[in-house]
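Worksheet: the structure to be examined is printed underneath.
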Amino acid sequence: MKVTVVGAGAVGASCAEYIGIKNFASEVVLLDIKEGFAEGKAMDLMQTASLMGFDTKITGTTNDYSKTAGSNIAVITSGIPRKPGMTREELIGINAGIVKTVSENLVKHSPDVILIVVSNPMDTMAYLAHQSTGLPKNRIIGMGGALDSARFKYRLAEALECPQSDVDGMVLGMHSDTGMIPLTRLATRNSVPVSNFLSEDRLNQVMEDTKVGGATLTKLLGTSAWYAPGAAVSSLVQAIACDQKKMFPCSVLLDGEYGLSDLCIGVPVILGKNGIEKIVEVPLSDTEKETMQKSAQAVRDVNALLNA
Ligand SMILES: NC(=O)c1ccc[n+]([C@@H]2O[C@H](COP(=O)([O-])OP(=O)(O)OC[C@H]3O[C@@H](n4cnc5c(N)ncnc54)[C@H](O)[C@@H]3O)[C@@H](O)[C@H]2O)c1
Ligand SMILES: O=C(O)C[C@H](O)C(=O)O
C-alpha cells in the first residue's frame, strides 16, 4: 500500500506521522514544493521508526511526481492555512491553483489513485479536484467531517464530564465556521440521547463551539491546527487501505442524495478499498434539512468563485 502526501507542512507531516505509527502502509511519499523540506520531514520521521515501532518507509521529494507513481491513495494538504480572523473561504485565491495542479500531477502518475482533499476551502477544493481530474466520484474524498465530528465528541464529552469513548456523534454539511451541522439530536452517550443529560442551552453551546473549532485553534496557535486534522486524515487513509467499511462524514460529490446535486458537501459515507463505497442517507428533521440546504447554498457560492 503506497500513500502519497502532498504538502509536508503541519498537516501533511502530522498525517504521515500517524500513518507511520499505525503501521498499516508499506510506503509513504511526502512531496513538497519547498526545496529539501519533504526530504527533511521524512528523514526526521524515519528516525522515530525504531522508537515508535513502525516499519512504514517514509521518503520525501521536492516536487518530483515520478516518485509518487503507483500510489493507491494520495492526500492533498498543499496550500496556505488561514491566520486568526480569516475564514477558510478567503484561501481560495491561492489554494485553487495549487490544488488543480497537484491533483492533475497525481493522477498523471497514479491513474488508479484515490484522492483525499484537505486543503481549504475543502468542499470547493474537492469539487475542483473532480473538475480537474474527471476521476469517478468514489475516488475523491474531502476530509472535514471526520475532524469536525472528533471536535464535536470532544465538546460533548466536556459538557457531559465523561470520557470521549462514551460519546458518539456526527457533523454534516460544509466544512466552514457557519456551514457545519453538528447533529445534536442524534448524538448519544452509550446509546442514550445526550438531550437526556444536557439542557437545550448547553447543547446549543456545544454546537456553536464545534462549528468554530478550527477558528478557536487558529486564534490560539496563530495558524490552523494540525494534530487532529492529521489524525482524521490518517483514519480515512486506514479505512481505505485496510478495507474497513467504516462510516465517516466526508465531502463527496452528490447526485441527488439529500436532495442535492453537483457539489461536494459533508455527508456520511462508508469507506473501503474502493474509496467511497456508499453514501448513507440519514433521515433528517425538517430543521436539519433546512440547515443542510443553507449549507449547500454556501458551498455553491464558494464554488462559483472558481469561475469568477
Ligand atoms: N480540511 C481540513 O479539515 C483541514 C484541516 C487543517 C488544515 N487544512 C488546510 O490544509 C492546508 C495545509 O495546512 P498546513 O497547516 O499544513 O499548512 P502549511 O503551510 O504548514 O503546509 C502547507 C505546505 O504546502 C506546501 N505547498 C504549497 N504549494 C505547494 C505545491 N504546489 N506543491 C506541493 N506543496 C506545496 C508548502 O510548501 C507547505 O509546506 C491549508 O489549506 C489548511 O487550511 C484543512
Ligand atoms: O480551521 C482551519 O482553517 C483549518 C481546518 O479546516 C480546521 O478545521 O482545523
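Cβ coordinates are placed from backbone N, Cα and C, and glycine is handled just like the others.
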If I go by TrEMBL, which of Asn23, Asn95, Asn105, Asn138 binds NAD(+) at the same site as Gly7, Ala8, Gly9, Ala10, Val11, Gly12, Asp32, Val118, Ser119, Asn120? Asn95
Using the alpha carbons only, what distance in Å do you get between His175 (active site, proton acceptor) and Arg88 (substrate binding site) once rounded? 9
Could you state the CA-to-CA distance between Arg82 (substrate binding site) and Asn120 (NAD(+) binding site) to the nearest Å? 9
Please average pLDDT over the domain 'Lactate/malate dehydrogenase N-terminal' (1-142) for the predicted structure. 98
What's the most sparsely packed of the binding-site residues Val11, Val118, counting other C-beta atoms within 10 A? Val11
The domain 'Lactate/malate dehydrogenase N-terminal' (1-142), counted residue by residue under DSSP: helix, strand, coil: 68 helix, 28 strand, 46 coil
Cβ neighbours within 10 Å, counted over all protein chains: which one of the recorded positions Arg82, Arg151, His175 has the most? His175
